[in-house]
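Quick notes on the structure that follows.
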């Protein structure tokens, strides 16, 4: 019996374990909505939208800009800017340590990426929040990158688009982060005065100081399906008012029904829909489909 264990069974188990470990990590993904197990390469083809239930999964900022902008002519804006712990802030952890961890995990310097480029041949400037970087919170660098993006849009007289995904202002930067609400709102007022279109795309989730400033100041406000959008979270509101909130409260569909946003657009339709919309706004020729 012992010879059989040594000669047959143990090698068989070891081969099985070896085969398991040879399967690359991240090859399969479970949908958080319907729990279907999805093959990652196939999921990427659907832009991280579940083919079973149409749930729009969260995607990182670079992926979002990659699928939105044309491949040619992209230029990143404000890539040299890095956050500084001016207040030497510390809660359960030092702010500088939180920044270092977020930078290591995401490969980004901060929570907003801005690029100039083209949308189906039309010059645009686009920004996207990186929610994985400290919850997409808005601090000095996020505000400054957004302002630089808006200034490039002013200079080129081309539309500005921002994909928001944020928990709000970055508490570790205190008043500096709150100032970004006024700073971003002020530059958007300049765009409006100059007749430059600003489209705000609300993805899951958008809360706090970002929803109370730039995210809700679009000439057109677009929501992704079932995105959570609000100022305070539903749990906080329920605890405050001591009442049960309506079904679907703070979902993009609820906001559309109550006039807080203008439209809901499926991720796969976003490029052509926004290209046609911006073409009409800017009196440009119809965009080239791509």
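Yeah, the Cβs are placed from backbone N, Cα and C, and that goes for glycine too.
The domain 'CoA carboxyltransferase N-terminal' annotation in Swiss-Prot covers 27-290 and rests on sequence analysis.
Long-range Cβ neighbours of residue 50 (Zn(2+) binding site) (same chain, at least 6 residues apart, Cβ-Cβ under 8 Å): 31, 33, 34, 36, 38, 43, 57. In three-state terms derived from DSSP, residue 50 (Zn(2+) binding site) belongs to neither a helical nor a strand segment and is classed as coil. Residues annotated as Zn(2+) binding site in Swiss-Prot: 31, 34, 50, 53.
What Swiss-Prot lists as zinc finger is 31-53, and the listing cites sequence analysis. Long-range contacts of the zinc finger (31-53) within the same chain, counting only residues at least 6 positions beyond its ends with a Cβ under 8 Å from a Cβ of the stretch, are 59, 63, 67, 266-268.
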(message) What are the sequence-distant neighbours of residue 53 (Zn(2+) binding site), meaning same chain, six or more residues apart, C-beta distance under 8 angstroms?
(response) 31, 33, 34, 36
(message) Given a 10 Å Cβ-Cβ cut-off, pick out the one of the binding-site residues 31, 34 that has the most other Cβ atoms nearby.
(response) 31
